[in-house]
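Take a look at the structure below.
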Amino acid sequence: MLRLAFATLRGRLSSLAGSFLALLFAAALVTACGLLVETGLRGSTPTERYAATPVVLTGPRQASVVKNDASDEPVEVTETVPLDEPSTLPTSLATRLRQVDGVQDVVPELTFPVALLAGDGSAVPGAAPGATYGHAWDSARLTPYTLRAGRAPAASGEVVIDAGLAARAGLTVGVRARVLGRDGVRAYTVTGIAGPGLTGQSAVFFTAGRAAELFGHAGRVSAFGVFGPGDPDAIKDAIAAKLGIAQERSARVSLGVKGAPAEAGPAVYTGGERGQAENPRASAARETLVALGGSLGGIAVMVAAFVVAGTFGLAQRQRRSEIALLRAVGATPAQIRSMTGNEALLLGITASAAGLLPGVAAGRWLVGELTAEGLAPEAFAPVVGPVPMLVALAVGTATAWLSARGAVRRATRVRPTEALGEAAAEPHAPGRGRLITGLVFLALGTGLCGLAMSVAGETAAMSAGGIVILLVVAAALLGPWLVRSAVALAGGLLARTSRVGGYLAVANTRTAAGRLASVVSPLILMIAFAGATVFAQTTIGEATARQAAEGTRADYVVQAAGPGLPPEVARAARAVPGVTGVTEIIDTGVIGDYEELGDRTLRSYRAFGLTVPAHGLDLDVRAGSLDRLRGTTVALSTLAAGSFGVSVGDKVRLRLGDGTPVTPTVVALYGRGLGFGDVALPHDLVRGHTGSGMTDRLLVVGDASAGGRLAALGPAVTVLDSRDASAARDEAMELNNWVNLLALGLIIVFIAISVVNTLVMATAGRAREFALLRLVGGTRRQVLGVLRWEALLVAAIALVAGTAIAVPTLMAVSYGVTGSPIPYVRAEVCLAVAALTLGLAFAATLLPARAVLTGRPADRVRG
Amino acid sequence: MSLPAIRMNAVTKTYKQGARVVHALREVTAALPRGRFTAVMGPSGSGKSTFLHCAAGLDTPTSGTVHLGEVEISRMSETQLSELRRDRAGFVFQSFNLIPALTVMENITLPFRLAGTRPDPAWLDEVVRRVGLENRTRHRPSQLSGGQQQRVAIARALATRPEVVFADEPTGALDPVTAADVLGLLRRLVDTTGQTAVMVTHDPVAAAHADQVLFLADGVIVEELLSPSAGEIARRISALGRRTAAA
């Protein structure tokens, strides 16, 4: 039967080309996203700092929820959230590591951010931005760093500096150097220069004692380097067995379902993985790539299924008479199914295969763009492996096959006797099953929307995607009824307005509702998706900017140019004449640990530590008081409090940036969570659980005279007045916008392809109808007029339905994140979407129609 | 006798088929009398369809002139021809005669709508009655049998009181009983309303309903019979077929 499919292929080239293109683009998108994910999972930054260390242990990199009802059963990880700050390991672990078979030596490693200051007080740039780390000289052998000149540090006032940093700073052995660390800026004597200079990070070596002071976590270390003569992986396995940690790429902070969270297990790295251990930024970039690739890929697969199913449906509809004829000459329904199924498989495989290389190119481009935008480190090379391609191939083929199955199921119900009837007439009224399914989706979508409005909080905001998908599917299923009711509403007016074009367009639309629906659906998807994505973003962005602007009352913001502001800067700032208030702020992230719908859930929150009483900052406190934010307490945004289900006086379970569990009491609820962060903690509680242990910013209230004096406070300090500070905030938001708009751009291109596709197919399939119109006296202009009205109807229906989907979704989002159901909508974007819709509908209808209208109608009508 | 409905003067039509030039019509001169039913017959490739297309203004001749009534149509533009077809010509094809989205009545009045004019209600009623579709005017084509669909097409062709009704194998897709019914209808319409009709067919039984039959072979009119019987026509056609095959 496939031979037969081939034989009839020439007649169906236009519709096949449509399906082919849609599948090709889907496969390319999936490949590109897969490449992002794979780069995130396997892409390695070169191992430098630990180049000489066979096995590296670090603190956990993520927190997980695990299910372990029976203690002897293997635990099941149900959710994993990356930690925001580097975590630590107990120093005592070294003893146990030394007992592991094959381990010869264990070297503890301390890593903490520092800055080498130049003569003018600015930070000497490290090998990579923000990547100058302090270590104890004892751990120099992990690289190994060897002295090029001078000697090792022997007293707490002595340091060894790596060759790259020394060259940039122009330092030589014997000179004094100022280094910014946790306890402030101190002067050290450079006793040695060590090589090599690495490309990913710079190093300053202290004595073990001084390093421990600057590290600031007594009895703990950043990592262990483990040496042994055997195979590193064997050592790794032995260590894992000895410590009882799961054989995973990175260990986790375990949580009992009910009881206290379990002790954190270390992460063990060997070979190429060691690059991850030394570069925490790369691991954040990894998460970004995996998350971005995953969500983009998910959307791509969904849209692909939607689009390809639509295209196939239309293609099969146009093949109806051919199928009926085949049935008439004795083909069984099974033969028809196998013919179309095999054809779809073939199409799926070839189209997906053709999409692989463009997909790889697109993926490389994406990684490059992400690197350029600073979301991935420079050294991150795209990983091109076979897995994403295989997945794309499988997804493309499966999508094609399943879509064809669905479409053919209807086609095989064609009775052979229908073969030679009016093949172009709309076959059957769409089935009851479709109506019921559509209504179910509609009910689910509106129900979810209502639920989102009533629960408020971030859950509402996060349900936006779900609402859009449910409602778009509902619109696609209910398409024929939607088209019919739209025509019933507007048809009379239209037919009176335009006696030929409008009248015929209405008649065509009414009777060919199924065909029109398959054209309208992708447009609805595009409008709803674009509207929801863009305006959810503008709504959140606008609310964030507004809250930040309204809540920031500081006259000056003092920022660190290096890793942070040591405590002495804050002390000095408070003493500056004209300064009436100073708030120290540390930006970090925490993980909320709460029960949602009965399940233990972890969620990352943007958090900050602040000193109280807070000056220059108005969080819009709704309950309690920020003044009580001392000791083990927390203030939550009203949204976060909603997720936790707590109010003032309750306790919440949090994990601080480095994974340390705390159970602070809620002392205040505030409204401006978007602008500042959802979780506010006491400065002193946060400080010990961040990488640098230093303050990030000072908010200063003071008169005009204070500005100049603040700038002189100390080295590596930048003072922004309130206008500069708000400009800096806007810049930070751009990045997030870029990623979202990229996703949106890809989806719109995809949908545009499919819209053009279905419209071209639908129009080209009506050649006989147009020819007949010409024969009974319709001019070309009149036929094109009919099509113009049809295109207008299609675009109008799509715009109305798309808006009807986007609006409640946006209201849920807006209500969820800002408390007001009115989203922030920009008119120029609305106009652009409307123009795009109209443009697509017109271009894709009229261009193929012009082609169809050439030639003699008498030949066309014979078919 | 009055002016012929259609006058064709030395009409030649050539097509390029690859490198080959095909002569579909060679210097054909003919006059089809008003108020008569003319059938055009010939073996496949004889040029009978091209003859109809040129006569109806669906196609323009390579050389020669065609007059529909008093109007020369052989030099008209495509748009002029479209507008002419609305009220000077009616068409009935083998199949796919009707716009599926429109009801019977809407299909019948479509030419008026395209022209922006209104039909004469009395004539419209009469046409609908004559084709026997009084009770089906609100049906859609998909709800009608093949014969009924052809009746709708005939009604539409007649509705504008055209100069000529052109029929291209109008009964090709019908069973003999229905076909005879449709042809009988055409015949009666010509007799009772004075309508001119031209029909291309390969079926001698269909052609026997006509007043005169033109035989085409190799793009030339080779014979003309007046009120022939089906048997007579069949003999002529098979003779022509043999001659063409031999040549």
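Every residue, even glycine, has its Cβ placed from backbone N, Cα and C.
Note that TrEMBL annotation is computational and uncurated.
Range with TrEMBL annotation transmembrane segment, chosen from A:435-455, A:666-686, is A:435-455.
Sequence-distant contacts of the transmembrane segment (A:435-455), counting only residues of its own chain at least 6 positions beyond either end whose CB sits under 8 Å from a CB of the stretch, comprise 463-464, 466-467, 470-471, 473-474, 476-478, 481, 642, 805, 808-809, 811-812, 815-816, 821. Residues 302, 306, 310, 430, 434-435, 437-439, 441-442, 444-446, 448-449, 452, 502-503, 505-506, 509-510, 513-514, 516-518, 520-521, 524-525, 528-529, 532, 789, 793, 796-797, 800-801, 805-806, 808-809, 812 of the same chain lie 6 or more positions beyond the ends of the transmembrane segment (A:467-495) yet place their CB under 8 Å from a CB of it. When each of the listed stretches A:289-315, A:344-367, A:516-536, A:738-765, A:786-811 is scored by C-beta pairs under 8 angstroms to the transmembrane segment (A:379-403), A:344-367 comes out highest. Panel annotation: around the transmembrane segment (A:344-367), residues 2, 16, 19-36, 39, 289, 312, 376, 380, 382, 384, 388-389, 392-393, 395-401, 403-405, 742 of the same chain, lying at least six beyond its termini, place a Cβ under 8 Å from a Cβ of the stretch.
Distant neighbours of the transmembrane segment (A:516-536): 303, 306-307, 310, 313-314, 317, 461, 464-465, 468, 471-472, 475-476, 479-480, 482-483, 509, 740-741, 743-744, 747-748, 751-752, 754-755, 758-759, 762, 790, 793-795, 797-799, 801-803, 805-807, 809-810, 813, 823-826, 829-830, 833, 836-837, 840-841; these residues of the same chain sit at least 6 beyond its ends, with a Cβ under 8 Å from one of its Cβ atoms. Only residues 6 or more beyond the boundaries of the transmembrane segment (A:289-315), in the same chain, are considered here, and those with a CB under 8 A from a CB of the stretch are 12, 15-16, 18-19, 22-23, 25-26, 29-30, 32-41, 43, 344, 367, 370, 375-376, 395-396, 399-400, 402-404, 406-407, 469, 472, 476, 515, 518, 521-522, 525, 739, 743, 746-747, 750-751, 753-754, 757-758, 761-762, 765.
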